[in-house]
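Copied over from Swiss-Prot:
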type: BINDING; residues: G9, T10, M11, N12, S13, G14, K15, S16, D85, E86, A87, Q88; note: ATP binding site
type: ACT_SITE; residues: E86; note: active site, proton acceptor
type: BINDING; residues: C143, C146, C180, H183; note: Zn(2+) binding site
Amino acid sequence: MAQLYFKYGTMNSGKSIEILKVAHNYEEQGKPVLLMTSSLDTRAGVGTVASRIGMKAEAVAIDEEMSVFDYVNSLPAKPFCVLIDEAQFLNKKHVYDFARVVDELNVPVMAFGLKNDFRNELFEGSKYLLLLADKIEEIKTICWYCSKKATMVIRTIDGKPVYEGEQLQIGGNETYIPVCRKHYFKPEI
């Protein structure tokens, strides 16, 4: 029976490499997957899942208005699995649509993304995935400063921590740092 999975982690935890690994494993067995990502993530180009170690794959870009259930349901061949990168950028309707893909089409859905933002607040997509997912798994990484488990992210501008501002700002290593709770409140910057 298909399930909805949410695999979350901070920046640099290997979420994108994990999704690419899962896609490879399915496809190596001749089982096609549907790879999707948010159209908001433009770092490697719209509709591209890319890892920091250089691996990448083309994906269907999910925009704000897209009916993901209708899209998956209209495919001529049902995928063996739907894989979503940058799932934190999904909206409530997208998450409910993916739950329908699982429940009505019997297709497993694995969503990968951040849980909380630099203000330590849940992203909309993450909030609804935490509510609806059948299985939730943390992808772990270590604090930039002390090597404890990182559970939060600091946004930096010109090397200084920022705790206020717009939630959505697409960046990479130069903008976001994975940290433990202690170093979130007292970073060694």
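A Cβ is built for glycine as well, from the same backbone N, Cα and C atoms used for every other residue.
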**Asked** Can you tell me how far the Cα of S13 (ATP binding site) sits from the Cα of C143 (Zn(2+) binding site), in Å?
**Response** 10
**Prompt:** Of these binding-site residues, A87, C143, which scores lowest on Cβ atoms within 10 Å?
**Reply:** C143
**Request:** Would you kindly give the Cα-Cα distance separating C180 (Zn(2+) binding site) and A87 (ATP binding site), rounded to the nearest Å?
**Result:** 22
**Request:** Calculate the distance in Å between the alpha carbons (Cα) of C146 (Zn(2+) binding site) and G9 (ATP binding site), and round it to a whole number.
**Result:** 17
**Asked** Which one of these binding-site residues, M11, C146, C180, has the sparsest Cβ neighbourhood, judged by other Cβ atoms within 10 angstroms?
**Response** C146
